[in-house]
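A.B. asks: Dropping the structure in here first, questions after.
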Amino acid sequence: MPQLGFLHGRAWAALLGQLRRPPGAVCIGAVHSHSQAAEATLASQLKPHKEKSNFIIKTPKGTRDFSPQQMVVREKILDMVISCFKRHGAKRLDTPAFELKEMLTERYGEDSGLIYDLKDQGGELLSLRYDLTVPFARYLAMNKVKKMKRYHVGKVWRRESPTIAQGRYREFCQCDFDIAGHFDPMIPDAECLKIMCEILSGLQLGDFLIKMSWKDVRHEMVAKKGLAPEVADRIGDYVQCHGGVSLVEHMFQDPELCQNKQALEGLGDLKLLFDYLTLFGIAEKVSFDLSLARGLDYYTGVIYEAVLLQTPAQAEEETLNVGSVAAGGRYDGLVGMFDPRGHKVPCVGLSIGVERIFSIVEQRMKTFGQKIRTIETQVFVATPQKNFLRERLKLIAELWDAGIKAELMYKNNPKLLTQLHYCEDMAIPLVVIIGEQELKEGFIKLRSVASREEVAIKRENLVAEVQRRLS
């Protein structure tokens, strides 16, 4: 076993003091220089890997790093999505990144071959989660939850061929919203479509349209309502001709359909849904699409996906083709697959394609040359004098303790010009300057980075003045 170093005598004292320290106190020890020898040993062990000529430093296929600039954009997108979920009363849920393999297999149909399996780790066969829906269904069944409105943001993994240009990766983030429980027809479905519209409108990605799969509507009418296939096909003719809100109106005027009880029941559900969508003010955003097919096997009812509508100008400017940016549907039988007695909990939900949305936003920012601020620092503590580190440390501690985001340069004697240039480069709004004269007279200089104007403020009023300006 490699030796990682010994504790210095003072470090032992510090360690013993840690055991006896009063509540809230922090104890810091020192490490003996023998740790340097351990570092050298570790470096020698790693050296052969560095000398391999074919060794390439890269991320695994289908994955990516995110720079600080990219993370700022991603956080803004996620914040907007999550705030919408919370606005609709959802609770946050999290599940393990991996599940028992038997929980995931045979839930995804042909896509089951895309699941990442893990090596046997202590007797359990495990797999990385493929999506957030199946773990949610497992959670409901395991905890006997019959009613829940939840959202979940987390990474999932799929062993498919990545298409970076379309925002498709093997590791990616999903943002899901789901409503589980027995409720009156179409109310949860309509709210899911409303949430999808709110998020896509809020992100200002451009015009969009939510397409509902006629194939799944037809299947539900035939299998569940007992509608004759030829009557369902008659309805399909209207779907192809009329699309959205006007679809229901035209079908109710058809004598052949009006004489069929099952057809009227199926049309009644569609009319109810579009009535709710009209009340929500989004009916014009929803249309049927004959070409839209069911994705995963666990969907049991209507599915839908949102696509961006490009104007001719956008089509010329943007080469990015990301397909749908959100999708969802009803899956009433999935929870029952996990329940020992087969008790079903009806569910409907949606997933926002944040990776694809991020790809769109990122490209547009590059096109327009938008600059991104990667830090949130509000105040920089600077000095024109040498040997003023202690004063700067005391000053910045006051700001931190007041909840103000502040930083300083990690040098004993930094040049003032260097400090001011940093503030301009990082768009820090305020600079607090302390020197010999300020210390002697009990004042602090407060500088606006944008206007370069400076004012003298009493030391005891600094925090209040900074807070006033930042508000």
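Glycine is no exception: its Cβ is also placed from the backbone N, Cα and C atoms.
Straight from TrEMBL, here's the annotation block:
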- ASP131, LEU132, THR133, ARG158, GLN174, ASP178, ARG294, TYR298, TYR299: L-histidine binding site (BINDING)
- 62-384: domain 'Aminoacyl-transfer RNA synthetases class-II family profile' (DOMAIN)
A.B. asks: Using a 10 Å radius around each Cβ and counting other Cβ atoms from all shown chains, which of the binding-site residues THR133, GLN174 yields the largest count?
C.D. replies: THR133
A.B. asks: What number of additional C-beta atoms lies within 10 angstroms of the C-beta atom of TYR299 (L-histidine binding site)?
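C.D. replies: Cβ-Cβ neighbours of TYR299 (L-histidine binding site) within 10 Å number 21.
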A.B. asks: Around the C-beta of ASP131 (L-histidine binding site), how many further C-beta atoms are within 10 angstroms, looking at every protein chain?
C.D. replies: 21
A.B. asks: To what whole number does the mean pLDDT across the domain 'Aminoacyl-transfer RNA synthetases class-II family profile' (62-384) round?
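C.D. replies: Within the domain 'Aminoacyl-transfer RNA synthetases class-II family profile' (62-384), the model's average pLDDT equals 85.
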